[in-house]
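Peer 1: Reproduced below are the annotations present in TrEMBL:
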- 30-545: domain 'Major facilitator superfamily (MFS) profile' (DOMAIN)
- 32-55: transmembrane segment (TRANSMEM)
- 67-86: transmembrane segment (TRANSMEM)
- 98-117: transmembrane segment (TRANSMEM)
- 123-145: transmembrane segment (TRANSMEM)
- 157-179: transmembrane segment (TRANSMEM)
- 185-207: transmembrane segment (TRANSMEM)
- 315-337: transmembrane segment (TRANSMEM)
- 343-365: transmembrane segment (TRANSMEM)
- 452-470: transmembrane segment (TRANSMEM)
- 490-511: transmembrane segment (TRANSMEM)
- 523-541: transmembrane segment (TRANSMEM)
Amino acid sequence: MVEGGIAKPDKTDFSECWKTTCKTPYIMRLSLSAGIGGLLFGYDTGVISGALLYIREDFQQVEKKTWLQEVIVSMAVAGAIFGAAFGGWINDRFGRKLSILVADILFFVGAIVMALAPAPWMIIIGRIFVGLGVGMASMTAPLYISEASPARIRGALVSTNGLLITGGQFLSYLINLAFTHAPGTWRWMLGVAGLPAVVQFFLMLSLPESPRWLYRRNKVEEARSILEKIYPANEVESELIALRNSIEAEKADEQAIGDNFLAKMKGALSNVVVRRGLYAGVTVQVAQQFSGINTVMYYSPTIVQFAGFASNKTALALSLVTSGLNAVGSIVSMAFVDRYGRRRMMIISMFGIISCLVILSIVFFQAASHAPKISQLESTHFAANATCPSFLSAPNPTSWNCMSCLKAECAFCANGANEYSPGACLAKTSDLETSCHGQHRTWFKDGCPNKFGFLAVVFLGLYIISYSPGMGTVPWIVNSEIYPLKYRGIGGGIAAVFNWVCNLIVSLTFLTLTKALGSSGTFLLFAGYCVIGLVFIYWFVPETKGLQFEEVEQMLKSGYKPLAFKTKSTRGENQSA
C-alpha cells in the first residue's frame, strides 16, 4: 500500500465479521459502499503508470519534456494534500456522507476532463480534480466505515478499505493492459474511473450519515435509528451510552486543549509524549516514501522499459506482477504484524528493500555497460537526415553505445538480425519510429536491449515483497497507536502530511533523477535514503505490539532507547524494545 493504512484487526475479527455480516447484511452494504472510495483511491493512483506511456505517444511535448511527465503524475498527489485538509473540514462541518459524495463528484469530473483532454494542461487539471478526490477518500472512507461498524468487527471492516486500495491499484493495471490496443488507449484508462464514482454516488444517497457525527450534532434519535440497524436490539442502548461517553470525553479534551487547529497544534507540540510519538510517527512515514515505493507504483511500466522491454504491452504486463505482489503483501502483513511486532517487521523490511535496491542498481549499471554499440552503417541505413545529430557531431562516435544515444535524446533502432548487435542511433521522430518498425526492428527510446532486463523485473518483484508486508502497512499501524488518545487525530494528521509531501517530492523528481544519475544511480540513491531511514527507525521507533495505549504513553514519557543502548538498570524493565 502507498498512502493509506490497514487498521490492524484482532485475530478473531475476520471469523466474527463473517458471522455478523451474514446476520446483518446492512453492515456489509455500508462498508462496501464506502469502500468504493478506497478502490477509486487505488485506481487513480495506479492508472497513470500505464496511461503515461500512451500520453507520451500522443503529445510530443510530453515525450520531450521529462518535467511535464512528472507534473502529470504528481499533480494527483498535490491535489490529495489539499483534498485531505479540505476533506477534514467537510467531515466535521457537514458529515462523512457528504464528504464521500463530494469526493465522487471530484473523481467523476476529473475522469471526464482527462478522458476528453485535447492537451497536456487539461490532463493536469483533471489529475488535480482526481487528487482532491483521493485526498478526501483517503481519510473519509475508513472514518465512515469505522463509525458505522460494530466495535467487535471494526478492525476487519476497516481493513477491507485498505485491501480495496491495493485492489484498485491492481485493477488499474488490468484495465491498462485491456485497453492497450483500443482506439484512444489512455483516454479509456483514465475515463473508466468515472464509473465506480457514479456507482458509489448513488449507493451513498440511499445510506445514512455516520451515527457518531449525528450524535455529536445532537441528532440523537437519528443516531439511534441507525444503531438499531447495525446492532442487535439488546445492544443498542449500551452502544448509545458508549457513544455518549466517548463524545463527552472528546468535548472535554477540546475544552482542555482548545477546539481550533492552532490551539491543538500548540498543545500537541508542548507535550513531551506527543513529540516523542511524532519522532517515531514521522520517521516511519518519511522512510516509507523515500524507500522509493511510489516510483514503482507511478512509473512501473517506465522502469520496466528502462530495463530494456520496449513494448508498451510487455511493460504493462510485467508491471501487473508488482501490483499483485503489493496486494498480497498487505494480506501477509495483517497475518503477521501482531505475531512478530511492528518494529521488527519494519527493520526486516528495510534490510530487504536496501538489498533489492542495491542489486537493482548493479543490474541497471550492467545493462547500461553492456548496451549494444552504435553502427555507423546501420545509422546511415535510413534517410539521409535520419541519423542522430549528436552522434554525427560526436568527437569519438565509435565509443557510442545505445545508452549514449538515449542520453543524447535520440532513439535506438535495433539490428534486424540480432537486437544485441550494433544498431542505429536515429533522431527521435514518429516517422522514423514507423520506419524502424516497418523493417521488423525494435525501437528503443527509454532503455536498451540487454540480457539483464529479466533480472531487473525479478528484483523489482522482490523489492515489492520486501516492502509491502513491512514498510507498506506497518507505518500506518504505528501511527494509530503511538499518540495519546486526545492528540491521536492531530498526531496522525501531521505524520500523514509528511507522508503526502514526501510522496510528492519523490513522484515529482524521479524521472529527472534518472536523467541526471541514470537508473542505476537513482536506485542507489534510494538505497542510501533507506539506510538513513533504517537508522532512524532503529533509534526512534519503539515496539508497540501487545501494549495498551496507556503503556505506550508511559514508555514514551520515560523516554525510549533501543535495547542495545539501555543501561543495565533499565534494560530489564522493557525487553520489548
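Using N, Cα and C of the backbone, Cβ positions are placed for all residues, glycine too.
What you are looking at is a predicted structure, and each value in this text was computed from that prediction instead of being measured.
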Peer 1: Are the transmembrane segment (185-207) and the transmembrane segment (452-470) close enough to be called in contact, which here means at least 3 C-beta pairs under 8 A that are separated by 6 or more residues?
Peer 2: no
Peer 1: Report the mean pLDDT of the predicted model across the domain 'Major facilitator superfamily (MFS) profile' (30-545), rounded to a whole number.
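Peer 2: Computed over the domain 'Major facilitator superfamily (MFS) profile' (30-545), the mean pLDDT is 87 on the 0 to 100 scale.
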Peer 1: Between the stretches 32-55, 67-86, 157-179, which one has more Cβ pairs under 8 Å with the transmembrane segment (490-511) than any other?
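Peer 2: By the under-8 Å Cβ criterion, the transmembrane segment (490-511) pairs most with 67-86.
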Peer 1: Tally Cβ pairs under 8 Å between the transmembrane segment (32-55) and each listed stretch (98-117, 157-179, 315-337, 523-541), then give the stretch with the top tally.
Peer 2: 157-179
Peer 1: With pairs 6 or more apart in sequence, are the transmembrane segment (343-365) and the transmembrane segment (98-117) linked by at least 3 Cβ pairs under 8 Å?
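Peer 2: The answer is no, given that the two segments have fewer than 3 Cβ pairs within the 8 Å cut-off.
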Peer 1: Taking a Cβ cut-off under 8 Å, which residues six or more beyond the ends of the transmembrane segment (98-117) line up next to it in the same chain?
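Peer 2: Contacts with the transmembrane segment (98-117): 34, 37, 40, 44, 83, 87, 90-91, 123, 125-133, 136-137, 140-141, 144, 187-188, 190-194, 196-198, 200-201, 204-205.
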Peer 1: Report, as numbers and ranges, every residue of the chain located at least six residues beyond the transmembrane segment (315-337) whose Cβ falls under 8 Å of a Cβ in that stretch; write 'none' if there are none.
Peer 2: 1, 6, 8-9, 46, 49-50, 53, 159, 162-163, 166-167, 169-170, 172-174, 176-177, 180, 296-297, 300-302, 304-305, 309, 345, 457, 460-461, 464-465, 467-470, 472-474, 477, 545
Peer 1: With CB pairs under 8 Å as the measure, which of the listed stretches 67-86, 157-179, 523-541 comes out on top against the transmembrane segment (123-145)?
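Peer 2: Counting Cβ pairs under 8 Å, the winner is 67-86.
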